[in-house]
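Feature annotations, reproduced from Swiss-Prot:
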- His108: active site (ACT_SITE)
- Tyr26, Gly27, Ser28, Gln29, Arg49, Ser53, Asp83, Glu84, Ile85, Gln86, Gly134: NADP(+) binding site (BINDING)
- Asp191, Glu195: Mg(2+) 1 binding site (BINDING)
- Asp191, Glu227, Glu231: Mg(2+) 2 binding site (BINDING)
- Ser252: substrate binding site (BINDING)
- 3-182: domain 'KARI N-terminal Rossmann' (DOMAIN)
- 183-328: domain 'KARI C-terminal knotted' (DOMAIN)
Amino acid sequence: MAVQMEYEKDVKVPALDGKKIAVIGYGSQGHAHSQNLRDTGHDVIIGVRPGKSFDKAKEDGFDTYTVAEATKLADVIMILAPDEIQQELYEAEIAPNLEAGNAVGFAHGFNIHFEFIKVPADVDVFMCAPKGPGHLVRRTFEEGFGVPALYAVYQDATGNAKDIAMDWCKGIGAARVGLLETTYKEETEEDLFGEQAVLCGGLTALIETGFEVLTEAGYAPELAYFEVLHEMKLIVDLIYEGGFKKMRQSISNTAEFGDYVSGPRVITEQVKENMKAVLTDIQNGKFANDFVNDYKAGRPKLTAYREEAANLEIEKVGAELRKAMPFVGQNDDDAFKIYN
(Lines of atoms letter the chains of each structure in order from A and count residues from 1; the text may use other names and numbers.)
(Lines give C-alpha, C1' and ligand atoms only; values in the text may rest on other atoms or scores of the structure.)
Protein backbone atom coordinates (compact mmCIF):
# COMPACT_ATOMS: atom_id res chain seq x y z
CA MET A 1 0.00 0.00 0.00
CA ALA A 2 1.37 3.39 -1.01
CA VAL A 3 1.91 5.94 1.74
CA GLN A 4 1.27 9.64 1.29
CA MET A 5 3.88 12.29 1.95
CA GLU A 6 2.77 15.01 4.36
CA TYR A 7 4.16 18.51 4.85
CA GLU A 8 3.94 21.52 7.17
CA LYS A 9 0.47 22.39 5.84
CA ASP A 10 -0.75 18.99 7.04
CA VAL A 11 0.34 19.59 10.64
CA LYS A 12 -2.93 21.08 11.83
CA VAL A 13 -2.51 21.11 15.62
CA PRO A 14 0.30 22.97 17.45
CA ALA A 15 0.37 20.18 20.02
CA LEU A 16 3.71 21.18 21.55
CA ASP A 17 2.70 24.76 22.28
CA GLY A 18 2.73 25.41 26.00
CA LYS A 19 4.43 22.09 26.72
CA LYS A 20 7.68 21.64 28.58
CA ILE A 21 9.86 19.39 26.43
CA ALA A 22 12.70 17.26 27.81
CA VAL A 23 15.19 15.78 25.37
CA ILE A 24 16.94 12.87 27.06
CA GLY A 25 20.45 12.58 25.68
CA TYR A 26 22.57 15.17 23.91
CA GLY A 27 24.31 13.06 21.30
CA SER A 28 23.89 12.84 17.53
CA GLN A 29 20.10 13.17 17.42
CA GLY A 30 19.71 14.84 20.81
CA HIS A 31 21.62 18.00 20.01
CA ALA A 32 19.83 18.38 16.67
CA HIS A 33 16.28 17.85 17.94
CA SER A 34 16.75 20.13 20.94
CA GLN A 35 18.38 22.99 19.02
CA ASN A 36 15.88 22.84 16.16
CA LEU A 37 12.92 22.77 18.54
CA ARG A 38 14.31 25.70 20.48
CA ASP A 39 14.79 27.66 17.26
CA THR A 40 11.13 27.04 16.35
CA GLY A 41 10.02 28.57 19.63
CA HIS A 42 9.55 25.56 21.89
CA ASP A 43 10.44 25.27 25.58
CA VAL A 44 13.23 22.68 25.67
CA ILE A 45 15.33 21.34 28.54
CA ILE A 46 17.96 18.60 28.46
CA GLY A 47 18.17 15.51 30.64
CA VAL A 48 21.53 13.79 30.57
CA ARG A 49 23.98 12.09 32.89
CA PRO A 50 27.04 14.07 34.05
CA GLY A 51 29.87 14.11 31.51
CA LYS A 52 30.85 15.67 28.21
CA SER A 53 27.32 15.73 26.83
CA PHE A 54 26.01 17.44 29.99
CA ASP A 55 28.71 20.09 29.71
CA LYS A 56 28.09 20.54 25.97
CA ALA A 57 24.34 21.04 26.49
CA LYS A 58 24.99 23.74 29.09
CA GLU A 59 27.57 25.35 26.81
CA ASP A 60 24.93 25.45 24.07
CA GLY A 61 22.64 27.41 26.38
CA PHE A 62 20.19 24.79 27.59
CA ASP A 63 18.85 24.34 31.10
CA THR A 64 20.37 20.95 31.82
CA TYR A 65 19.28 18.47 34.47
CA THR A 66 19.66 14.87 35.49
CA VAL A 67 17.39 12.55 33.54
CA ALA A 68 15.10 12.12 36.55
CA GLU A 69 14.82 15.86 37.15
CA ALA A 70 14.12 16.62 33.49
CA THR A 71 11.41 13.95 33.35
CA LYS A 72 9.68 15.40 36.42
CA LEU A 73 9.63 18.86 34.88
CA ALA A 74 8.44 17.86 31.42
CA ASP A 75 5.15 17.15 29.67
CA VAL A 76 6.80 15.57 26.62
CA ILE A 77 9.91 13.41 27.02
CA MET A 78 11.94 12.37 23.96
CA ILE A 79 14.42 9.56 24.66
CA LEU A 80 17.43 9.97 22.36
CA ALA A 81 20.06 8.05 24.32
CA PRO A 82 21.73 5.07 22.58
CA ASP A 83 19.42 2.07 22.12
CA GLU A 84 21.39 -0.22 24.41
CA ILE A 85 21.19 2.03 27.46
CA GLN A 86 17.58 3.16 27.09
CA GLN A 87 16.05 0.31 29.09
CA GLU A 88 18.10 0.84 32.24
CA LEU A 89 17.81 4.62 31.88
CA TYR A 90 14.05 4.38 31.52
CA GLU A 91 13.54 1.99 34.44
CA ALA A 92 15.85 3.84 36.84
CA GLU A 93 15.21 7.50 36.05
CA ILE A 94 12.29 8.04 33.68
CA ALA A 95 9.53 5.60 34.65
CA PRO A 96 9.40 6.64 38.35
CA ASN A 97 8.88 10.26 37.32
CA LEU A 98 6.23 9.93 34.61
CA GLU A 99 2.72 11.26 35.15
CA ALA A 100 -0.57 10.37 33.50
CA GLY A 101 -1.00 12.40 30.33
CA ASN A 102 2.71 12.71 29.62
CA ALA A 103 4.03 11.76 26.19
CA VAL A 104 7.18 9.72 25.62
CA GLY A 105 8.87 9.75 22.23
CA PHE A 106 11.63 7.88 20.44
CA ALA A 107 13.57 8.33 17.19
CA HIS A 108 13.77 4.56 16.67
CA GLY A 109 11.31 1.88 17.70
CA PHE A 110 13.81 -0.70 18.96
CA ASN A 111 13.06 -0.71 22.68
CA ILE A 112 9.29 -0.30 22.39
CA HIS A 113 8.79 -2.80 19.57
CA PHE A 114 10.89 -5.51 21.21
CA GLU A 115 9.31 -4.70 24.61
CA PHE A 116 12.48 -3.82 26.48
CA ILE A 117 10.59 -0.70 27.56
CA LYS A 118 6.95 -0.82 28.63
CA VAL A 119 5.27 2.55 29.13
CA PRO A 120 2.19 2.89 31.40
CA ALA A 121 -1.15 2.82 29.60
CA ASP A 122 -1.97 6.40 30.62
CA VAL A 123 1.06 7.85 28.79
CA ASP A 124 1.30 8.56 25.05
CA VAL A 125 4.07 6.87 23.05
CA PHE A 126 5.05 8.43 19.71
CA MET A 127 7.95 8.44 17.27
CA CYS A 128 9.75 10.98 15.13
CA ALA A 129 12.52 9.27 13.17
CA PRO A 130 14.54 11.56 10.87
CA LYS A 131 16.07 9.71 7.94
CA GLY A 132 19.53 11.10 8.50
CA PRO A 133 22.19 11.58 11.19
CA GLY A 134 21.90 14.36 13.73
CA HIS A 135 24.47 16.71 12.21
CA LEU A 136 22.51 16.62 8.94
CA VAL A 137 19.20 17.22 10.75
CA ARG A 138 20.74 20.35 12.27
CA ARG A 139 22.64 21.60 9.22
CA THR A 140 19.74 21.29 6.78
CA PHE A 141 17.44 22.98 9.30
CA GLU A 142 19.81 25.94 9.51
CA GLU A 143 19.87 26.08 5.71
CA GLY A 144 16.08 26.41 5.65
CA PHE A 145 15.30 22.85 4.66
CA GLY A 146 15.30 19.65 6.70
CA VAL A 147 15.62 15.88 6.63
CA PRO A 148 12.52 13.77 5.88
CA ALA A 149 11.14 11.84 8.84
CA LEU A 150 8.90 8.95 9.73
CA TYR A 151 6.34 9.35 12.48
CA ALA A 152 4.27 6.80 14.37
CA VAL A 153 2.01 6.30 17.36
CA TYR A 154 2.37 3.21 19.53
CA GLN A 155 0.08 4.26 22.37
CA ASP A 156 -2.53 7.03 22.30
CA ALA A 157 -3.62 7.57 25.89
CA THR A 158 -4.73 11.19 25.50
CA GLY A 159 -6.01 11.22 21.94
CA ASN A 160 -3.26 13.69 21.06
CA ALA A 161 -0.33 11.37 20.33
CA LYS A 162 -0.46 11.74 16.53
CA ASP A 163 -0.66 15.52 16.78
CA ILE A 164 2.35 15.53 19.11
CA ALA A 165 4.33 13.30 16.75
CA MET A 166 3.56 15.47 13.72
CA ASP A 167 4.24 18.73 15.55
CA TRP A 168 7.56 17.34 16.78
CA CYS A 169 8.50 16.51 13.19
CA LYS A 170 7.51 20.02 12.17
CA GLY A 171 9.54 21.52 15.01
CA ILE A 172 12.77 19.86 13.89
CA GLY A 173 12.25 20.90 10.26
CA ALA A 174 11.28 17.53 8.83
CA ALA A 175 7.81 18.63 7.68
CA ARG A 176 9.46 21.18 5.38
CA VAL A 177 10.58 18.32 3.14
CA GLY A 178 8.18 15.49 3.95
CA LEU A 179 6.74 13.13 6.56
CA LEU A 180 5.63 9.54 6.20
CA GLU A 181 3.38 7.80 8.71
CA THR A 182 4.49 4.32 9.77
CA THR A 183 4.26 1.92 12.71
CA TYR A 184 6.79 0.99 15.37
CA LYS A 185 7.02 -2.52 13.92
CA GLU A 186 7.59 -1.36 10.36
CA GLU A 187 10.15 1.33 11.21
CA THR A 188 12.13 -0.90 13.55
CA GLU A 189 12.33 -3.98 11.36
CA GLU A 190 12.98 -2.12 8.11
CA ASP A 191 15.59 0.13 9.68
CA LEU A 192 17.52 -2.78 11.18
CA PHE A 193 17.31 -4.75 7.94
CA GLY A 194 18.55 -1.82 5.87
CA GLU A 195 21.51 -1.30 8.20
CA GLN A 196 22.47 -4.96 8.39
CA ALA A 197 21.81 -6.31 4.91
CA VAL A 198 22.57 -3.29 2.75
CA LEU A 199 23.80 0.02 4.16
CA CYS A 200 26.34 -1.12 6.72
CA GLY A 201 26.76 -4.88 6.94
CA GLY A 202 26.07 -5.71 3.30
CA LEU A 203 28.07 -2.81 1.89
CA THR A 204 31.19 -3.27 4.01
CA ALA A 205 31.19 -7.01 3.36
CA LEU A 206 30.86 -6.39 -0.39
CA ILE A 207 33.72 -3.87 -0.39
CA GLU A 208 36.00 -6.05 1.73
CA THR A 209 35.31 -9.14 -0.39
CA GLY A 210 36.04 -7.23 -3.60
CA PHE A 211 39.29 -5.95 -2.09
CA GLU A 212 40.30 -9.49 -1.10
CA VAL A 213 39.54 -10.88 -4.58
CA LEU A 214 41.76 -8.28 -6.23
CA THR A 215 44.67 -8.46 -3.79
CA GLU A 216 44.62 -12.26 -3.69
CA ALA A 217 44.86 -12.19 -7.49
CA GLY A 218 48.04 -10.13 -7.20
CA TYR A 219 46.77 -6.59 -7.74
CA ALA A 220 48.25 -3.74 -5.71
CA PRO A 221 46.28 -3.08 -2.49
CA GLU A 222 46.38 0.68 -3.09
CA LEU A 223 44.79 0.34 -6.53
CA ALA A 224 42.27 -2.17 -5.20
CA TYR A 225 41.27 0.33 -2.51
CA PHE A 226 40.51 2.99 -5.11
CA GLU A 227 38.49 0.61 -7.27
CA VAL A 228 36.25 -0.92 -4.60
CA LEU A 229 36.06 1.71 -1.84
CA HIS A 230 37.18 5.21 -2.81
CA GLU A 231 34.98 5.35 -5.92
CA MET A 232 31.96 4.02 -4.01
CA LYS A 233 30.98 7.53 -2.89
CA LEU A 234 30.96 8.80 -6.47
CA ILE A 235 28.51 6.09 -7.51
CA VAL A 236 26.34 6.35 -4.39
CA ASP A 237 26.05 10.12 -4.81
CA LEU A 238 24.65 9.62 -8.32
CA ILE A 239 22.14 7.03 -7.08
CA TYR A 240 21.17 9.32 -4.19
CA GLU A 241 20.56 12.21 -6.59
CA GLY A 242 18.65 10.37 -9.32
CA GLY A 243 18.29 6.66 -8.68
CA PHE A 244 19.86 3.87 -10.70
CA LYS A 245 18.86 5.70 -13.90
CA LYS A 246 21.05 8.75 -13.26
CA MET A 247 23.96 6.58 -12.19
CA ARG A 248 23.75 4.50 -15.38
CA GLN A 249 23.43 7.60 -17.53
CA SER A 250 26.57 9.01 -15.92
CA ILE A 251 28.91 6.03 -16.28
CA SER A 252 30.54 4.62 -19.40
CA ASN A 253 28.76 2.14 -21.65
CA THR A 254 31.38 -0.39 -20.62
CA ALA A 255 30.56 0.06 -16.95
CA GLU A 256 26.82 -0.05 -17.61
CA PHE A 257 27.06 -3.26 -19.64
CA GLY A 258 29.17 -4.83 -16.90
CA ASP A 259 26.60 -3.71 -14.33
CA TYR A 260 23.83 -5.67 -16.06
CA VAL A 261 25.96 -8.72 -16.83
CA SER A 262 27.84 -9.18 -13.57
CA GLY A 263 25.61 -7.72 -10.86
CA PRO A 264 23.31 -10.77 -10.82
CA ARG A 265 26.36 -13.07 -10.70
CA VAL A 266 27.44 -11.42 -7.45
CA ILE A 267 24.04 -10.92 -5.82
CA THR A 268 22.56 -14.34 -6.51
CA GLU A 269 19.34 -15.99 -5.33
CA GLN A 270 21.39 -17.48 -2.48
CA VAL A 271 22.32 -13.98 -1.36
CA LYS A 272 18.63 -13.10 -1.39
CA GLU A 273 17.91 -16.13 0.78
CA ASN A 274 20.66 -15.01 3.17
CA MET A 275 19.02 -11.59 3.35
CA LYS A 276 15.70 -13.23 4.17
CA ALA A 277 17.40 -15.08 7.03
CA VAL A 278 18.73 -11.76 8.35
CA LEU A 279 15.20 -10.34 8.21
CA THR A 280 13.84 -13.35 10.07
CA ASP A 281 16.35 -12.89 12.89
CA ILE A 282 15.22 -9.28 13.16
CA GLN A 283 11.52 -10.09 13.09
CA ASN A 284 11.67 -12.83 15.72
CA GLY A 285 13.77 -10.73 18.10
CA LYS A 286 16.93 -12.84 17.92
CA PHE A 287 19.13 -9.94 16.82
CA ALA A 288 17.65 -7.60 19.42
CA ASN A 289 18.22 -10.07 22.24
CA ASP A 290 21.75 -10.86 21.08
CA PHE A 291 22.60 -7.15 20.96
CA VAL A 292 21.14 -6.33 24.36
CA ASN A 293 22.64 -9.42 26.02
CA ASP A 294 26.07 -8.54 24.64
CA TYR A 295 25.74 -5.03 26.08
CA LYS A 296 24.71 -6.38 29.49
CA ALA A 297 27.71 -8.75 29.45
CA GLY A 298 30.13 -5.86 28.88
CA ARG A 299 30.12 -5.91 25.05
CA PRO A 300 32.58 -8.78 24.50
CA LYS A 301 31.25 -9.56 21.01
CA LEU A 302 31.06 -5.95 19.87
CA THR A 303 34.56 -5.29 21.18
CA ALA A 304 35.93 -8.33 19.35
CA TYR A 305 34.16 -7.35 16.12
CA ARG A 306 35.62 -3.84 16.33
CA GLU A 307 39.14 -5.12 16.92
CA GLU A 308 38.87 -7.54 13.99
CA ALA A 309 37.54 -4.81 11.69
CA ALA A 310 40.27 -2.36 12.71
CA ASN A 311 42.93 -4.85 11.64
CA LEU A 312 41.64 -5.41 8.11
CA GLU A 313 44.23 -4.66 5.43
CA ILE A 314 41.81 -2.40 3.58
CA GLU A 315 41.54 -0.17 6.66
CA LYS A 316 45.31 0.14 6.97
CA VAL A 317 45.76 0.85 3.27
CA GLY A 318 42.94 3.40 3.31
CA ALA A 319 44.33 5.23 6.33
CA GLU A 320 47.63 5.79 4.54
CA LEU A 321 46.04 6.85 1.25
CA ARG A 322 43.68 9.32 2.91
CA LYS A 323 46.63 11.18 4.44
CA ALA A 324 47.43 12.34 0.92
CA MET A 325 43.80 13.26 0.20
CA PRO A 326 42.68 16.02 2.60
CA PHE A 327 39.78 16.73 0.24
CA VAL A 328 37.99 13.54 1.34
CA GLY A 329 37.08 15.13 4.67
CA GLN A 330 37.65 14.82 8.39
CA ASN A 331 40.27 12.27 9.43
CA ASP A 332 40.12 13.00 13.16
CA ASP A 333 38.49 10.06 14.95
CA ASP A 334 37.48 12.36 17.82
CA ALA A 335 35.64 14.83 15.59
CA PHE A 336 32.12 13.67 16.42
CA LYS A 337 32.65 11.85 19.72
CA ILE A 338 30.74 14.48 21.65
CA TYR A 339 27.70 13.73 19.49
CA ASN A 340 27.91 9.93 19.49
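Using N, Cα and C of the backbone, Cβ positions are placed for all residues, glycine too.
Note that the structure is a prediction, hence the values are computed from the model and not measured.
Sequence features, as recorded in Swiss-Prot, placed on the structure.
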| residue | record | DSSP (3 states) |
| --- | --- | --- |
| Tyr26 | NADP(+) binding site | coil |
| Arg49 | NADP(+) binding site | coil |
| Asp83 | NADP(+) binding site | helix |
| His108 | active site | coil |
| Gly134 | NADP(+) binding site | helix |
| Asp191 | Mg(2+) 1 binding site | helix |
| Glu227 | Mg(2+) 2 binding site | helix |
| Ser252 | substrate binding site | coil |
Rounded distance in angstrom between the Cα atoms of Glu227 (Mg(2+) 2 binding site) and Glu195 (Mg(2+) 1 binding site) | 23
So what sits near the residue listed as 'active site' in its own chain, CB-to-CB under 8 Å and at least six residues off in sequence?
-> Asp83, Met127, Ala129, Glu187, Thr188, Asp191
Pop the Cα-Cα gap between Glu231 (Mg(2+) 2 binding site) and Gly134 (NADP(+) binding site) into the table, whole Å please.
-> 25
Separation of alpha carbons, Glu195 (Mg(2+) 1 binding site) and Tyr26 (NADP(+) binding site) (Å) | 23
What Cα-Cα separation, expressed in whole Å, is found between Arg49 (NADP(+) binding site) and Glu195 (Mg(2+) 1 binding site)?
-> 28
So of all those binding-site residues, Glu195, Glu231, Ser252, which one's Cα sits nearest to Ser28 (NADP(+) binding site)?
-> Glu195
Pairwise C-alpha maximum, in angstrom, for the residues (Tyr26, Gly27, Ser28, Gln29, Arg49, Ser53, Asp83, Glu84, Ile85, Gln86, Gly134) that bind NADP(+) according to the record = 19
Which one of these binding-site residues has the most other Cβ atoms within 10 Å of its own Cβ: Asp191, Glu227?
-> Asp191
Hey, what's the Cβ neighbour count for Ser28 (NADP(+) binding site) at 10 Å?
-> 21
